[in-house]
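Q: Please find one structure pasted underneath; my questions will follow.
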Amino acid sequence: MDYTMEPNVTMTDYYPDFFTAPCDAEFLLRGSMLYLAILYCVLFVLGLLGNSLVILVLVGCKKLRSITDIYLLNLAASDLLFVLSIPFQTHNLLDQWVFGTAMCKVVSGLYYIGFFSSMFFITLMSVDRYLAIVHAVYAIKVRTASVGTALSLTVWLAAVTATIPLMVFYQVASEDGMLQCFQFYEEQSLRWKLFTHFEINALGLLLPFAILLFCYVRILQQLRGCLNHNRTRAIKLVLTVVIVSLLFWVPFNVALFLTSLHDLHILDGCATRQRLALAIHVTEVISFTHCCVNPVIYAFIGEKFKKHLMDVFQKSCSHIFLYLGRQMPVGALERQLSSNQRSSHSSTLDDIL
């Protein structure tokens, strides 16, 4: 197909509205709002079900009382907070904001508390793995439920503290005749905008991944000389943790960092602004997906957790049959008893994430 223009005809003649109007970074996204909303709904349902199921199993099974289980429970709770903000963001995509300024700040708070606490708990779990494998003797003293609870409370406090500067700038304002909930910075507040962007980059990526890298390099060095089945599974899972976290969070942080460079006029131009706006939305959707994948990575892969999940499922089925006045099939009952016995034998083993 020939895209050559006629002589003496400019791009403005072909696209007068685009070149005469101010640079609009959002126009590229308006046609995709409905698709984004559908995707957000799918992520909400999957994230709500997955993380709720993790919490149900961890709270419902009395055998899950290790420090790892405490971190898993808090990680699922942080992802659930993140998930609860999605319906409001979906509504904000399709229609104007009708929930008021206070709710605008609350929803943004849920989003960022979920974001920061999730990254912090991933980091804390990595440090816990590092202690358990590299410093096994010392870990016996510190890897207790009370220490895990205290550290979890500290993580939540740190996440709330990191969120407060971001919440301050969220407000409801009119955009194209519609009320929207978004971060609003006056021109003299550019330094605050850059501060919040760099805060997300530093606390949401650079610091956690520096700790992750150190922990997992030391873990792999420690495990290199003893590759039995459990050790091999631990190495694979460690690599999965690092790679998946990078895949989901690095793109968004890079796009946010480049946006900061554009605000500093290091990067400039209308086309650059439009590409960055599109990149922020696309990478944000990718990062949203992480709240659905976490239950798979940190829970469903674990053999111990899968056994307890099956126990919960079988017990639920037995209660349903009992409520209906029927008995469970003999084969299912035998499988349940066998599963309980295997679970009791394996409960003394330390669970590998």
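Glycine too: its Cβ is placed from the backbone N, Cα and C atoms.
In case it helps, Swiss-Prot gives these features for our protein:
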DISULFID  CYS104-CYS181  disulfide bond
CARBOHYD  ASN8  N-linked glycosylation site
TOPO_DOM  1-33  topological domain 'Extracellular'
TOPO_DOM  62-71  topological domain 'Cytoplasmic'
TOPO_DOM  92-105  topological domain 'Extracellular'
TOPO_DOM  128-144  topological domain 'Cytoplasmic'
TOPO_DOM  170-200  topological domain 'Extracellular'
TOPO_DOM  221-236  topological domain 'Cytoplasmic'
TOPO_DOM  262-278  topological domain 'Extracellular'
TOPO_DOM  303-353  topological domain 'Cytoplasmic'
TRANSMEM  34-61  transmembrane segment
TRANSMEM  72-91  transmembrane segment
TRANSMEM  106-127  transmembrane segment
TRANSMEM  145-169  transmembrane segment
TRANSMEM  201-220  transmembrane segment
TRANSMEM  237-261  transmembrane segment
TRANSMEM  279-302  transmembrane segment
Q: Report, as numbers and ranges, which residues of the same chain sit near the transmembrane segment (72-91): CB under 8 Å and 6 or more residues beyond its ends.
A: 37, 40-41, 43-44, 47-48, 51-52, 54-55, 58-59, 97-99, 103, 107-108, 110-111, 113-115, 117-118, 121-122, 125, 152, 155-156, 159, 181, 288, 290-291, 294-295, 298-299, 305
Q: Using all protein chains in view, find how many other C-beta atoms are within 10 Å of the C-beta of CYS104 (disulfide bond).
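A: Cβ-Cβ neighbours of CYS104 (disulfide bond) within 10 Å number 22.
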Q: In sequence order, which residues at least six apart in the same chain have a CB under 8 Å from the CB of CYS181 (disulfide bond)?
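A: Listed in sequence order: PHE88, ASN92, TRP97, PHE99, CYS104, VAL107, SER108, TYR170, GLN171, VAL172.
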Q: Do any residues, 6 or more residues outside the topological domain 'Extracellular' (92-105), come within under 8 Å Cβ-to-Cβ of it, and if so which ones?
A: 33-34, 36-37, 40, 167, 170-172, 178-181
Q: Averaged across the topological domain 'Cytoplasmic' (303-353), what pLDDT does the model get? Just tell me the whole number, please.
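A: Here the predicted model's pLDDT, averaged over the topological domain 'Cytoplasmic' (303-353), is 57.
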Q: Same chain only, please: residues at least 6 beyond the ends of the topological domain 'Extracellular' (170-200) with a C-beta under 8 Å from a C-beta of the stretch. Say none if there are none.
A: 88, 92, 95-101, 104-105, 107-108, 115, 162, 253, 256-257, 259-260, 263-264
